[in-house]
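**Student:** First the structure, then my questions, so here it is.
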């Protein structure tokens, strides 16, 4: 836009020169000199505008960082003042309580909302110093605390809750990590933030995410890189990576993230916590910012993140209330079904160690085998399952769906922003013109079938009829998958997760890993993550011999990405059919309990 403006100014200058020179006879040399001077002036205008634009961008970023620093400092001062006034608060005990235990003590009056709030605020400030997981403290929470304390109402009465940066909170930015969205504060709270407040919860901090969201690392040029609570040399995952790091580091008992390709589940896996991506449409998206608004092929879902499954269930119970259904009538009025969640009926469970395409590390494959054995011992039936046409789903449905416009919208959002290192390798091919992508795809086909197919998919759908055809193909794939579940007669599915946590800068180089999680966004199936183990020395030794399915560039990169992971969390993924979120959570709870019993 700036360049276009400068070009117009240059044309205007040239037109003025022509008018001045009308009727004046000049020799060729003078004409050439004047023309060159006019071009020089035009180039200078472009340069000045570019310098001005970069300066504006830097100032915007600095103001955002200053706002964050100010909010952290003011929160720290408030915590110190509270501790002086109430020095006997048992913070250590409060931090060990599960969400269920915490709410019970709050509602019974055994703990005060003030003690809980300031305990978690202090812990958040400490955790952020090491992990860089917060984009700012919501200072309004101090005022809300005073109001909450006057009435014991709501399932989450007195609970401090963290929220991902893209959740609308009145008078605060939802930048999604891009400069163009800075200093455009939300005019009102998002629906889920309103519901949290109605249920007595206190949203108190916003958490970091990757630049432009469509990435499973967690760094942006405004707030920097978030790191893993278990290993500071590893990423926390993304895009809800700030939430994963804060909860995994003990700074929050409950958080809200959003998930369009694994953005809740990947940081949950990397950081050793639980996370649920509900059925698309089960929770309101109203007031959440996104980069790709209007994209309908692969749907995003907001969802809870916490240390245990009961916390996720309690959060869903609190959110699925009449207040949410009233604020957003597009959400089906389906309250949480506690009977299904608490059921003990044996399940028929599909399982897979690998889909035959995606990268699965030795530790994650071992996690599936161990959980399968525990489930069988508990009386459940395990049935082998293979996802349908995974290569087709990745290239033709997932990539072509999310980037149907050939990534034009994403690149427009990145204009005026410096490129974060965690996004660079992923985005670079997006800038290639369509004809070049198609040419390279053709040339690469015999050398790198995966690379060729992905480059072709990055061209997008090309037309409105092409988009309709793509949408129809997604609908067909969903119905085919449901039919396959029916043939296997399975209730739920146990499948591997991406992980363990990657070394820095590998997420953008390994977009081929996402089918493990993004497939269930495409299908709109609820899916959750449960930590079940940690990476062992034996896993690391086995990784040394890892070849992958294709033994290509991406398989080699994956081996490098997950190396050095001993001691990091290992997780599994639990999936159910659409609208069976309670059954998905019940399955997750079963896995969590069996793993816990086996450790004892």
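The backbone N, Cα and C atoms fix where each Cβ goes, glycine too.
Predicted automatically and left uncurated, TrEMBL annotations should be read as such.
Dumping what TrEMBL says about this protein:
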type	residues	note
ACT_SITE	164	active site, charge relay system
ACT_SITE	239	active site, charge relay system
ACT_SITE	263	active site, acyl-ester intermediate
BINDING	213, 239, 260, 261, 262, 263	substrate binding site
DOMAIN	119-585	domain 'Amidase'
**Student:** When you measure from the Cβ of residue 239 (active site, charge relay system), how many other Cβ atoms are you left with inside 10 Å?
**Tutor:** 34
**Student:** Taking residue 164 (active site, charge relay system) as the reference, which of 213, 260, 261, 262, 263 (the recorded positions) have a CA within 10 A of its CA?
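**Tutor:** So the list reads none.
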**Student:** Mean pLDDT across the domain 'Amidase' (119-585), rounded to an integer, is what?
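**Tutor:** Value for the domain 'Amidase' (119-585), mean pLDDT as a whole number: 96.
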**Student:** Any same-chain residues 6+ apart from residue 261 (substrate binding site) with CB under 8 Å of its CB? Would you list them in sequence order, or say none?
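**Tutor:** In sequence order, the residues whose Cβ lies under 8 Å from that of residue 261 (substrate binding site) (at least 6 apart) are 214, 216, 298, 398, 402, 514, 517, 518, 521.
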**Student:** In Å, rounded, how far does the Cα of the residue listed as 'active site, acyl-ester intermediate' sit from the Cα of residue 213 (substrate binding site)?
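**Tutor:** Spelling it out, the Cα of the residue listed as 'active site, acyl-ester intermediate' and the Cα of residue 213 (substrate binding site) are 9 Å apart.
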**Student:** For each of the binding-site residues (213, 260), count the other CB atoms lying within 10 A of its CB, then report the residue with the highest count.
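**Tutor:** The residue with the most neighbouring Cβ atoms within 10 Å is 213.
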**Student:** Residues other than 213, 239, 260, 261, 262, 263 within 8 Å, Cβ to Cβ centroid, of the substrate site?
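**Tutor:** Not counting the recorded site residues, we get 214, 215, 216, 238, 240, 258, 259, 264, 266, 300.
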**Student:** Please report how many Å separate the Cα atom of residue 262 (substrate binding site) from that of residue 239 (active site, charge relay system), as a whole number.
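**Tutor:** Here the two Cα atoms lie 8 Å apart.
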**Student:** Fill in the CA-CA distance, residue 213 (substrate binding site) to residue 239 (active site, charge relay system), as an integer in Å.
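**Tutor:** Computed Cα spacing between residue 213 (substrate binding site) and residue 239 (active site, charge relay system) is 6 Å.
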**Student:** Mind computing the max CA-CA distance among 213, 239, 260, 261, 262, 263, which the record assigns to substrate binding, rounded to whole Å?
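**Tutor:** It comes out at 11 Å between the most distant Cα atoms.
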**Student:** With every protein chain in view, how many other Cβ atoms are within 10 Å of the Cβ of residue 164 (active site, charge relay system)?
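**Tutor:** Its Cβ has 28 other Cβ atoms within 10 Å.
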**Student:** Rounded to the nearest Å, what's the C-alpha distance separating residue 239 (active site, charge relay system) and residue 260 (substrate binding site)? Just drop the number here, would you?
**Tutor:** 9
**Student:** Note down the number of other Cβ atoms within 10 Å of the Cβ of the residue listed as 'active site, acyl-ester intermediate', including every protein chain shown.
**Tutor:** 36
